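Asks: Mind looking over this structure? Questions follow.
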Amino acid sequence: MAVPPTYADLGKSARDVFTKGYGFGLIKLDLKTKSENGLEFTSSGSANTETTKVTGSLETKYRWTEYGLTFTEKWNTDNTLGTEITVEDQLARGLKLTFDSSFSPNTGKKNAKIKTGYKREHINLGCDMDFDIAGPSIRGALVLGYEGWLAGYQMNFETAKSRVTQSNFAVGYKTDEFQLHTNVNDGTEFGGSIYQKVNKKLETAVNLAWTAGNSNTRFGIAAKYQIDPDACFSAKVNNSSLIGLGYTQTLKPGIKLTLSALLDGKNVNAGGHKLGLGLEFQA
């Protein structure tokens, strides 16, 4: 293991098996294009089949690789505008600096963040400062890795309250085909996940979570099967008897169709199930 993942990416492989390939209750359209000069456009729109609410977003990104710079502009249907400037591997190898700002003309709300990340062999360190009107908050994270073993700590300090408001700890083990992840959030929320790549076509995952003082344990299993290079099938179920099914088909290069359904196993004949449709275009 050269560089360990960020704290947010610990256990990501298992989460991807549970989340990717599903879009319950949504009709979604994604479009990604890239011009000859390297300018990337990403637009996304979705409609909620229950509330009929329509949301959308637009993002443009330009990479100035010669200087390690990335410029990103964002807009969404809540009329929030965002700007992000990133410089990587310029001031020091493995160091990434990001300035992220957003502004909502409707409400006048402004937000700014400075994000820093440093990664080298066996270590991944991050520190973000959020400049909020109520007072800046600082979020720090550290992940150490050695021979597949991972240990991470994440904290959030609010200057207005002069105290740590979040303290999370995680331990895991990672190989190319197997991943184990456990975490404790604020000493009250406990979770764990296992990811197993059975073979080139089949991936499986298990997750478990519970809260101190609550006897309700949340448990789920999921699997993803690559039928052929252009099609894959996903399925998951949890201890609430909710069954998720997903099918993704590449219709032609750059066009991908996703169909998904969420079924209530306790009330199969009662209705209330959710369906999802997604189309992704990439050029």
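Cβ coordinates come from backbone N, Cα and C, glycine included.
It should be emphasised that the depicted structure is a prediction, and the values quoted were computed from it without experimental measurement.
Below are the features I grabbed from Swiss-Prot:
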type: MOD_RES; residues: Ala2; note: N-acetylalanine
type: MOD_RES; residues: Ser13; note: phosphoserine
type: MOD_RES; residues: Lys20; note: N6-acetyllysine
type: MOD_RES; residues: Lys20; note: N6-succinyllysine
type: TRANSMEM; residues: 26-35; note: transmembrane segment
type: TRANSMEM; residues: 54-64; note: transmembrane segment
type: TRANSMEM; residues: 95-104; note: transmembrane segment
type: MOD_RES; residues: Lys109; note: N6-acetyllysine
type: TRANSMEM; residues: 111-120; note: transmembrane segment
type: TRANSMEM; residues: 123-130; note: transmembrane segment
type: TRANSMEM; residues: 137-145; note: transmembrane segment
type: TRANSMEM; residues: 150-158; note: transmembrane segment
type: TRANSMEM; residues: 163-175; note: transmembrane segment
type: TRANSMEM; residues: 178-185; note: transmembrane segment
type: MOD_RES; residues: Ser193; note: phosphoserine
type: TRANSMEM; residues: 202-211; note: transmembrane segment
type: TRANSMEM; residues: 231-238; note: transmembrane segment
type: MOD_RES; residues: Ser240; note: phosphoserine
type: BINDING; residues: Leu242, Ile243, Gly244, Ser260, Ala261, Leu262, Leu263, Asp264; note: NAD(+) binding site
type: MOD_RES; residues: Lys252; note: N6-acetyllysine
type: TRANSMEM; residues: 254-263; note: transmembrane segment
type: MOD_RES; residues: Lys266; note: N6-acetyllysine
Asks: Residues other than Leu242, Ile243, Gly244, Ser260, Ala261, Leu262, Leu263, Asp264 within 8 Å, Cβ to Cβ centroid, of the NAD(+) site?
Replies: Phe24, Leu245, His273, Lys274
Asks: For Ser260 (NAD(+) binding site), list the number of other Cβ atoms lying within 10 Å of its Cβ atom.
Replies: 21
Asks: Could you give the residue numbers and ranges of same-chain residues that sit at least 6 residues beyond the transmembrane segment (137-145) on either side and whose C-beta is under 8 angstroms from one of its C-beta atoms?
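Replies: Same-chain contacts beyond the flanks: 1, 3-8, 10, 122-130, 151-160, 165-166, 174.
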Asks: Measuring Cα to Cα, how many angstrom lie between Ser13 (phosphoserine) and Leu263 (NAD(+) binding site)?
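Replies: Just about 24 Å between their Cα atoms.
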Asks: Should anything in the same chain at least six residues away from the transmembrane segment (254-263) have a Cβ under 8 Å from its Cβ atoms, list it; otherwise answer none.
Replies: 21-25, 28, 242-248, 273-283
Asks: Roughly how many Å separate the Cα of Lys20 (N6-acetyllysine) from that of Ser260 (NAD(+) binding site), to the nearest whole number?
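Replies: On Cα coordinates alone, these residues lie 11 Å apart.
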Asks: Spatially, and counting Cα to Cα, which of the binding-site residues is closest to Ser240 (phosphoserine)? Options: Ser260, Ala261, Leu262, Leu263, Asp264.
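Replies: Minimum Cα distance from Ser240 (phosphoserine) across Ser260, Ala261, Leu262, Leu263, Asp264 lands on Asp264.
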Asks: Would you mind listing the long-range same-chain contacts of the transmembrane segment (163-175), meaning Cβ under 8 Å and 6+ residues beyond its ends?
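Replies: For the transmembrane segment (163-175), the far contacts come to 1, 7, 10-11, 137, 139, 145, 148-157, 181-187.
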Asks: By a simple count of other Cβ atoms within 10 Å, which of Ala2, Leu242, Ile243, Ala261, Leu262, the recorded positions in the record, is least packed?
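Replies: It is Ala2 that, of the recorded positions Ala2, Leu242, Ile243, Ala261, Leu262, has the fewest other Cβ atoms within 10 Å.
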Asks: Tell me the Cβ neighbour count for Asp264 (NAD(+) binding site), meaning other Cβ atoms within 10 Å of its Cβ, over all protein chains shown.
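Replies: Taking all protein chains shown, Asp264 (NAD(+) binding site) has 16 Cβ neighbours within 10 Å.
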Asks: Spatial neighbours of Lys266 (N6-acetyllysine) among the binding-site residues Leu242, Gly244, Ser260, defined as Cα within 10 A: which are they?
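Replies: The binding-site residues passing the 10 Å Cα test are Leu242.
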